[in-house]
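A.B. asks: Per TrEMBL, the features are:
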type     : residues : note
COMPBIAS : 270-294  : compositional bias 'Acidic residues'
DOMAIN   : 97-247   : domain 'Sodium/calcium exchanger membrane region'
DOMAIN   : 327-474  : domain 'Sodium/calcium exchanger membrane region'
REGION   : 265-296  : region 'Disordered'
TRANSMEM : 26-49    : transmembrane segment
TRANSMEM : 90-111   : transmembrane segment
TRANSMEM : 163-184  : transmembrane segment
TRANSMEM : 205-224  : transmembrane segment
TRANSMEM : 230-250  : transmembrane segment
TRANSMEM : 326-348  : transmembrane segment
TRANSMEM : 360-383  : transmembrane segment
TRANSMEM : 433-452  : transmembrane segment
TRANSMEM : 459-475  : transmembrane segment
Amino acid sequence: PNRRSAMAAVGGEGRFRRNRHRRRRALDLAAPHVGAALCCLAAVSWAIASPANHVDSADTEGMVGVSARRMLYTYDAGVCDSYLNVTYPILAVAMLLWGVFYMFWGLAIVCDDYFVTSLEDISEALSLSPDVAGATFMAAGSSAPELFTSLMGVFAVKNDVGIGTIVGSAVFNLCCIIGGTALFTPMPKEKAGVLPGLHIDWKPITRDSIFYFISIFAMIYVLSDGAINLLEGVLLIVFYAIYVAVMAAWTPYLKPMLERGNTGVSRLNEEEDDDKEDDKEKEDDNGDDDDEGGESPILKAIARPLFLLFEISIPNCSDPKNKHRYLTTFFMSIVWIGVLSYFMTTWASKLGCLWGIHPAVMGVTVLAAGTSVPDAIGSLLVARDGQGDMAVSNAIGSNVFDILLGLGLPWALSNLISGENVHADTEGLLPSSILLLATLALVYGVTVCMGFRLTRATGAFFFALYFVFVAYSLLHEFDKIPF
């Protein structure tokens, strides 16, 4: 243990640099596609934005609604009213789109470079087993954007954008991470008597899928009447505690997988060979230095203000000199995640006002993809390095955290603070939740039928499922389909 601690201190800075190197690779891959997506969204907004789609707040007594069916829900006037929104709606859309994307970027930096690192140090200080740490602290690190978006949806903008984000993020993780793993992971060479494809361990995916089914059923039950009370919020938290306990008891069954280094429930795999870890550290550091000049100067200039703010205000506990300050890093990371999530949800809600889109649908589409993309790209890069099991386990396991704690905790806190039930629009959420359940059943069913193998064809199928989900959400929102 002492040797591991010493190695962790020496290698912390290298891990910090690897995180930046991985994110630069992710940005190089994602930036052109995100730019194209922003242009498409701006074009759509140009077509959608019209005087008929907006209602003067004075005529609605402080509330803004859109179309006869959408009058069933309301945006708070404080979210929608602004001079720019009313006078220059197209300029407002462009600025809000860029602002939301910039907040995504900031969340990726804080979570990747600071928050996750502090959680690893906390787990080490508490001597948690890898599975328990993965199901609690590390899940909180990878799912922090979704959790804080849910908190802001309940306490700040007071609409369903947070719930929609978690539902949409769950579908994105299932379809795009698992589908991307099948498409981008190097397939093993075909052997006689062995079916082609990427073979994944059936135990963790089955365990997490069972808990995920339970989580979705619990969410649908809680949302069915449109009002969430304290007991229902606590019920979701209790289910998550049971999940953590099962994870702790599951360790002996996963031991062979842990020894191979292929588990995705934790980044704290202490069973790795220390000498191999030393070699990998040196190799990654050298690769990082060699690739330092590969980042686009435009991206570097745009991200520089974020890096400066975080470097000034958050101690880097990856640095051996600051390793003892991991609690300060933890709390300052939470502050920044809260600030960034607040602006992200507020600006996304303003976009929903301008486009006349339900808050839940904004969460299911725009915010879900945005909060999930950093973790998804990281998982796909890991999968491309040959660790497909890790990416698949992360895709399903993190969704259990998102639903049970990402929804249960904000709902329970809101009931405790206000003494009133949390209200949700079931018309906008239940169809997506039921579709999420069907998506999980389909993904797991296809995986079982394939003998727990992932092929290029199944990857393409899972990607297609996600686009079907998004298309359904948008068509349902604009009354193009009756169900």
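Just so it is clear, glycine is given a Cβ too, placed from its N, Cα and C backbone atoms.
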A.B. asks: So if I exclude everything within five residues of the ends of the transmembrane segment (326-348), which remaining residues of that chain have a CB under 8 angstroms from its CBs? That is, six or more out.
C.D. replies: 79, 96, 99-100, 103-104, 106-107, 110-111, 114-115, 117-119, 121-122, 125, 144-145, 148-149, 151-153, 156-157, 161-162, 310, 313-317, 362-363, 366-367, 370
A.B. asks: For the transmembrane segment (433-452), I need the partner stretch with the highest count of C-beta pairs below 8 angstroms, choosing only from 90-111, 163-184, 205-224, 459-475.
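C.D. replies: Out of the listed stretches, 205-224 contacts the transmembrane segment (433-452) most.
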A.B. asks: Out of 90-111, 163-184, 205-224, 230-250, which stretch touches the transmembrane segment (459-475) the most, going by CB pairs under 8 Å?
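C.D. replies: Of the candidates 90-111, 163-184, 205-224, 230-250, 163-184 scores highest.
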A.B. asks: Taking residues 6+ outside the transmembrane segment (205-224), which of them lie with a CB under 8 Å of any CB in it?
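C.D. replies: Hits for the transmembrane segment (205-224): 163, 232-233, 235-236, 239, 243, 246, 250, 392-393, 396-397, 399-400, 403-404, 407, 411, 424, 426, 429-430, 433-434, 436-437, 440-441, 444, 447, 452.
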